[in-house]
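Q: Shown below is the structure under consideration.
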Amino acid sequence: MNRHQAPASWSAFRLSTLVALNDQIRDLDEPADVAFAAAEVLGKAMNVSRAGYGTIDADRETITIERDWNAPGIKSLAGTLQFRDYGSYIDDLKRGETVVFSDAEKDPRTAATADALKAISAQSVVNMPVRERGGLVALLYLNHSTSREWSPEELDLIRDVAERTRSVVERLRAETQLREREERFRTVFENAAVGMLEIDSDWNIQGANAAYASLVGISAEDLTGQSCLAFTHRDDVGLSGDALKRAANTPHGERIKFEKRYVRPDGQVVWIRSNLAKVSGEGSSARFLKIVEDITEAKVAEEELEEQRHALEVLNKTGAAVAAELDTERVVQIVTDAAVELTGAAFGAFFYNVVGDAGEALTLYTLSGADRADFEQFGHPRATQVFAPTFKGEGVVRSDDITSDPRYGNNPPHKGMPENHLPVRSYLAVPVISRSGEVIGGLFFGHPEPGVFTSEAEQLMVGLAGQAAIAVDNARLFQAAQRANQTLEERIEERTRELEHANAALRQAQKMEAVGQLTGGIAHDFNNLLTVVTGNIDMATRSLAASGTLEPRSQRALDNAMKGAERAASLTQRLLAFSRRQPLAPKSLDVDKLVVGMSDLLNRALGETVKLEIVTSPGLWRVEADPNQLESAILNLAVNARDAMPKGGELLIETTNARLDEEYSAQHAEVAPGQYVVVCVTDTGTGMPKHIQERVFEPFYTTKEPGKGTGLGLSMVYGFVKQSGGHIKIYSEESQGTTIKIYLPRLMSEVVAEDGSSVTQGLEASASEEIILVVEDDDDVRAYTVECLRELGYKVLEAHDGSSALRLLERQNGPVDLLFTDVVMPGMTGRELADEARKLQPDLKVLFTSGYTRNAIVHGGRLDPGVEMIAKPFSYAALAQKMRDVLDAGRTGRILVVEEEPTVRSLTLELLAGRGYGVEEAGNATEALSKIRSAQGRYDAVFISDIAEKKNATWLSGEVRRHHADLPVLIAAEPKNVKDLQLRFVDDRCIAVIEKPYNGAKLRETLGLLGARCHRQS
């Protein structure tokens, strides 16, 4: 092309170039293809070395080129380039200015970088910026390898091409984004857990997802084309129509919320919460999206709660009324009226128990819901099979249909219901029995429909009959007192006794409240004192016995002192105990199976903002408990946890086996020693201050707003656990979350009970002068602990706080075998000390102690796996046993399994976990080594399959030994390779070889022997 050709020729050239551009990009769908086509057309037409289209990152001052057009012999610039490497003209581009220079050597913006430009065949350049929403986003550029003048006509053409390219690219991107949004919406629509449907302007369904189809009980295909009002409950049609009309007149996306009922084809009524919004179009072309959620359970619960609230209100009013009423007739009338309201009976009556000429009979006393004239023509009820149990006080009679009940209608002279009697099918009768056991009479209720009276109504009537009996007794006493001209002094005396009783009860309640608050606050220091007292009594006893100077009198004095101290130690726990009662149906349960089976229910209850994690325990014991009550307890705890995490969080439910020993039982009088299954519920919520923790299990105590909670939830959990013979503990810290542990007794009928031998049997002193670092801020407790440990043969280092302990560790020449630390100390806590100490000595064993057990669990409400603790006060024998348990626990508690074959790896993990080991896995040697390096002593042994890759068992064992001199390694090998591997590692007592195939028993035996052998070496 000649840049100086005549205007007519230039116009023709310009037109042909733009036509060629349109032809090239007409059928292209991808923005990158359009950009390249524009560059190719423009590059060829302008006869330049290179043309391209790139996206700009204005902040980083870079251009990214996916693909450019290059003349023959010219190298592509595809990739990301830094503008500043080629001059300062990026500043002009940011301002939206076109950058043009005919010779890089002469332009002041590029003179210093001219060589770099010539190196990429760009001595002369046109950079045409593309801007969107005021910002630089792309660039159409032309490069020429030699200097070149650019005419205004050429620049206009380049600008025109740039604008057309930008427009097409922007349109294609918008179409792509729209298509992707539609695909995402369709995916969400089809797979949503809640019901979703699309509705047109005539309220007809144009599409419904599977969740909605399941909710209404009609297939998605059959729903299409139906009116969305077709299966709405007839009483809610008007409500639904109003909502649809409002949605039609609201802006797009504005939601209309309402609740209504659906009636499924099978007649079942389903409550739903609906969110309706117009999403596109107006008028007849409008389209609506409706999202529905099944709230049937919540509605049923609301109705039941309202019924219970109403029943409680009626009972309270009735109780207050009859307590204040001294007229017998008024008492029974109040009770009868209340009973009819509570049961839903058509009528109710109170019949008084009298003795007539023909023996026992009942005479009508009060009526509710009917007139006396309805009964005047009938004689007194007689001692038939239906009536006798009531006026003899033998129990409740309830029938869903008395007309078909074999006990009714077979007593001459009547056959069936007497003529003109009020129609009765549902029947309920409850005896009213006085304190002395006298049957005062009976409450009788009838209804013309069958199945009206429920078991709940029966229970309410039993309670109401009790109130009536007390009230009648009181009224009789008052009337008798009036007849006997009871003196004023006698009445004052009775009232005084009642007041004294009430005051005594109030003082007791206040005392228990004060003791409960006091106990929680002083338990830690109190148990520190008890540790010193019991420890020194024990030490004095053993010292005198060893010297032969312990006289019987001294022995008795020391024994009495020890008993007193032990009673004091258990007193803090017993003062906090109380019990609840509820009807249970216990069964043999697999708690793991029950908890896992609740996952869907729990997820629904927790909502989307709370992440649920369930950690089960292989080999979990069975328990005997009511499964419904246990599910209710766990759900109750989960809902409370959810409410404590208003902004969302995590909920962890764990199960494990536990053995509570005699000492723990002595400190917790409400729980017996033995084997328990523990359900641990931990949240990351707001936590609770101590004063709330001390009252959470009290009935009707709640910290929630009025109307948000009854205060009965945790009280019910507490009562269930206690009645099941279990134990419940709560651990919480403000801003750190809460953990509640439920202990349920192991079902011993299906297992062999453990030997209950005393922990004091077989106490062994340390034969190897193991080194114990004792850290305790209480001087007396520390002195007692150090003396006990030295008496047991340990070498003891001592420190009064965490900082001193760390300095001792840093100066210590050899390793310390165990850190024994208090949890709560000034400055650094025991947990923080353990973490810092393990940075100095990764394999350091740690034993915690605390005067108040829950103080040991202060982060997230639970200890990490492998953490050991002994509660204060502890005895010499308990300390000796616990020390040996921790020190001799073996080095094979947590195993890293390295196996490249997934099936074998899974089997090995199951075998080890089933025998009580904690397990982690790695699929190859590289992954295993990475875990070992970052574990900081978390692994007690490594199990390696003789893997086939280059980094095999031999290589990995060597790497393990480089990082940990005494970490046990067990290699599983094919029979042909066993001897070679044994010879190779014969000098390393911490490496053993096991032959494939192996079973769980063999694994456990070999790991135990290896741990013991390696421990002796170290």
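Placement of Cβ uses the backbone N, Cα and C atoms for every residue, glycine included.
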Q: With TrEMBL as the source, identify the stretch among 58-92, 478-512, 548-582, 688-722 annotated coiled coil.
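A: Checked against TrEMBL: coiled coil maps to 478-512.
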Q: When DSSP states are grouped into helix, strand and coil, how many residues of the domain 'Response regulatory' (771-887) land in each?
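A: Tallied per class, the domain 'Response regulatory' (771-887) gives 50 helix, 25 strand, 42 coil.
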Q: Just give the helix, strand and coil counts over the domain 'PAS' (181-251), going by DSSP.
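A: Once the DSSP states are binned, the domain 'PAS' (181-251) shows 37 helix, 13 strand, 21 coil.
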Q: Mind giving me a neighbour count for Asp822 (4-aspartylphosphate)? Other Cβ atoms within 10 Å of its Cβ, every protein chain shown.
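A: Taking all protein chains shown, Asp822 (4-aspartylphosphate) has 27 Cβ neighbours within 10 Å.
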